[in-house]
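Engineer: Please find one structure pasted underneath; my questions will follow.
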Amino acid sequence: MAGLWAAFMDWIYAWFWRQEMELTLVGLQNAGKTTLVNAMSRGQFSEDMIPTVGFNMRKVTRGGVVMKLWDLGGQARFRSLWPRYCRGVDAIVFVCDAADRAKLAAARVELHDLLGRPALAGIPVLVLGNKNDLAGALDVDQLIDQLELRTIVDREICCYAISAKTHANLEITLQWLTQHAGKGGSRGSASTLPAAAASGSAAAHHAALDAALPSPP
């Protein structure tokens, strides 16, 4: 009976005190964005996922937070849509294929071009190196270097190595996202990047480049 009452109270709390947040997922085609959204919302993985054409929208509820996810197509003809759908969101999620080294240079260019838009200044960014279950996938330190994440100093930025297929580090990804409900568009000057993650620990799978931004003027 106590367990049922606790579950009921959790439901009441989630319903009346829940927060809503808006996120935009971007990245080159075949990075696994749609697969990641499905894993977050239904815990499912499919080998024959059809690439997103244009954009999709999905809502995911996590505890007391309802996440509205914009999944944008990664083909070149759709990248002009990215800035429009990133304006005013709580966080931008940039997904790259950590096992496809040939596309990392293009991913870096697209990421930095996007974050250079004045309308997106200060919005927190989560970079996800997907497919870390594949042989040859870059680890977090390599992703940070290849994507030149340490040069991004005008906002909070974080990088995790994940697998939408095996759900590796999916939990910490969801935790980071829900912690940023209501923080979109915050303005700050610079963020300080900590030392690289130590190997052999949980930090080896993700490197928090997080830094608190000053309060808006």
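Using the three backbone atoms N, Cα and C, a Cβ is placed for every residue, glycine included.
Note that TrEMBL annotation is computational and uncurated.
Look at TrEMBL and you will find GLY27, LEU28, GLN29, ASN30, ALA31, GLY32, LYS33, THR34, GLY74, ASN130, LYS131, ASN132, ASP133 tagged as GTP binding site. What TrEMBL records for THR34, THR52 is Mg(2+) binding site.
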Engineer: Look at the binding-site residues GLN29, THR34 and tell me which residue has the greatest number of other C-beta atoms within 10 angstroms of its C-beta.
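Structural biologist: Answer by Cβ density within 10 Å: THR34.
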Engineer: CB neighbours of LYS131 (GTP binding site) within 10 A?
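Structural biologist: So the number of other Cβ atoms within 10 Å of LYS131 (GTP binding site) is 26.
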Engineer: Could you round the CA separation between ASP133 (GTP binding site) and THR34 (Mg(2+) binding site) to a whole angstrom and send it over?
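Structural biologist: Given the Cα positions, ASP133 (GTP binding site) is 17 Å from THR34 (Mg(2+) binding site).
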Engineer: According to DSSP, does ASP133 (GTP binding site) fall in a helix, a strand, or coil?
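Structural biologist: DSSP call for ASP133 (GTP binding site): coil, neither helix nor strand.
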Engineer: What is the interatomic distance between the Cα atoms of LYS131 (GTP binding site) and THR34 (Mg(2+) binding site), given in whole Å?
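Structural biologist: Spelling it out, the Cα of LYS131 (GTP binding site) and the Cα of THR34 (Mg(2+) binding site) are 13 Å apart.
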